[in-house]
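Among the features that Swiss-Prot reports, active site, proton acceptor is placed at Glu138, with the record citing experimental evidence. Among the features that Swiss-Prot reports, acetyl-CoA binding site is placed at Ser192, Ser195, Arg207.
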Amino acid sequence: MKIKDAKKPSFPWFGMDIGGTLVKLSYFEPIDITAEEEQEEVESLKSIRKYLTSNVAYGSTGIRDVHLELKDLTLFGRRGNLHFIRFPTQDLPTFIQMGRDKNFSTLQTVLCATGGGAYKFEKDFRTIGNLHLHKLDELDCLVKGLLYIDSVSFNGQAECYYFANASEPERCQKMPFNLDDPYPLLVVNIGSGVSILAVHSKDNYKRVTGTSLGGGTFLGLCSLLTGCESFEEALEMASKGDSTQADKLVRDIYGGDYERFGLPGWAVASSFGNMIYKEKRESVSKEDLARATLVTITNNIGSVARMCAVNEKINRVVFVGNFLRVNTLSMKLLAYALDYWSKGQLKALFLEHEGYFGAVGALLGLPNFS
């Protein structure tokens with residue numbers, strides 16, 4: 001995908017996606033700076049570049065996902081590396097204060113942002129950091145960022161992948177998928193909630209539907225049920241649990257399969273259905289509850305996605321969003337569910353930069369405001 005470079009914005013180049021739970025930041029680090037440019041570069045710009053590229057953690061909660069860095073790409077006619085940084089939305093005031101401390105506002109830079117937080121925190125950027133946000137539509141940014149990242153390739157690796165043999169856990173393996181001809185595509189964006197888009201071309205897409213039961217629901221319920229303190233802790237607990245201790249299965253009701261309607265005995269008939277029994281509540285572990293929560297949320301997303309794919313007549317479904325970060329368990333569940341219930345007609349696809357497409361899409365909007 002070619003990005004116009006007629007109008008080059010002044011450095012630094014950022015794109016922000018301020019979500020309900022996480023802030024995602026894409027930062028372009030130029031590597032083709034001339035001696036003349038370096039001489040003229042103001043101290044505050046050097047300070048920001050050095051701070052962002054020489055650290056992998058910022059404060060107690062900010063993290064640069066080093067493994068996702070895109071090296072030596074060309075953007076707006078400049079060569080550089082693209083960095084990906086995330087931190088909790090509740091820590092955004094600290095980020096704004098850091099920008100103020102590093103004299104960010106003196107650089108006359110353009111700050112493009114998307115996500116609900118671009119509206120919610122606009123006043124804070126202005127009053128605390130003396131910064132003006134240019135707000136961009138989050139679904140536009142999601143689609144543009146996704147198509148751009150897939151087009152530049154992941155340092156020679158495939159950006160897109162799927163799970164082969166999804167129905168056989170011992171043979172299931174991650175495999176690259178060629179997305180050179182991406183249309184049509186159903187994009188399922190799983191953040192705090194879920195949005196589902198039907199993409200027919202780079203300019204022709206629509207939001208089909210969504211659900212409030214997303215990553216925020218998983219972490220919220222897990223925190224209530226298990227006392228976990230973080231997404232990573234919730235996933236760790238889920239990986240050790242058995243959801244069938246909490247869920248009521250078809251076989252618990254029918255004694256086996258419900259053959260007339262093609263329902264296998266292992267299918268979930270009622271999520272958390274076993275928790276109506278006192279003895280079951282007393283024997284279930286926190287790990288079981290975490291696993292059941294993950295399975296409940298993931299199965300619901302998969303079910304809604306499958307219905308949308310059938311209605312829109314699209315057979316490739318790409319799942320993105322930070323709910324899938326370090327969450328191979330859910331990815332394999334989604335891959336299996338789509339393959340099984342569609343009788344092999346639907347393919348679940350995933351992307352390495354799962355949660356950063358909105359931030360990249362915002363970055364791509366820079367020339368429009370320079």
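Every residue gets a Cβ built from N, Cα and C, even glycine.
Here the features listed in Swiss-Prot are painted onto the structure.
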{"residue": "Glu138", "record": "active site, proton acceptor", "DSSP (3 states)": "helix"}
{"residue": "Ser192", "record": "acetyl-CoA binding site", "DSSP (3 states)": "coil"}
{"residue": "Arg207", "record": "acetyl-CoA binding site", "DSSP (3 states)": "strand"}
Distant-in-sequence Cβ neighbours of Ser195 (acetyl-CoA binding site), under 8 Å, six or more positions away: Leu139, Val188, Asn189, Arg207, Gly210
Recorded acetyl-CoA site residues Ser192, Ser195, Arg207, farthest C-alpha pair in Å: 17
Which listed residue (Glu138, Arg207) has most other Cβ within 10 Å, given these are recorded positions: Glu138
Additional residues around acetyl-CoA, ordered along the sequence, whose Cβ is within 8 Å of the centroid of Ser192, Ser195, Arg207: Glu138, Leu139, Asn189, Gly191, Gly193, Val194, Ile196, Gly210, Gly214
Under 8 Å by Cβ from Ser192 (acetyl-CoA binding site), same chain, sequence gap 6 or more: Gly19, Gly20, Thr21, Gly214, Gly215, Gly216, Thr217
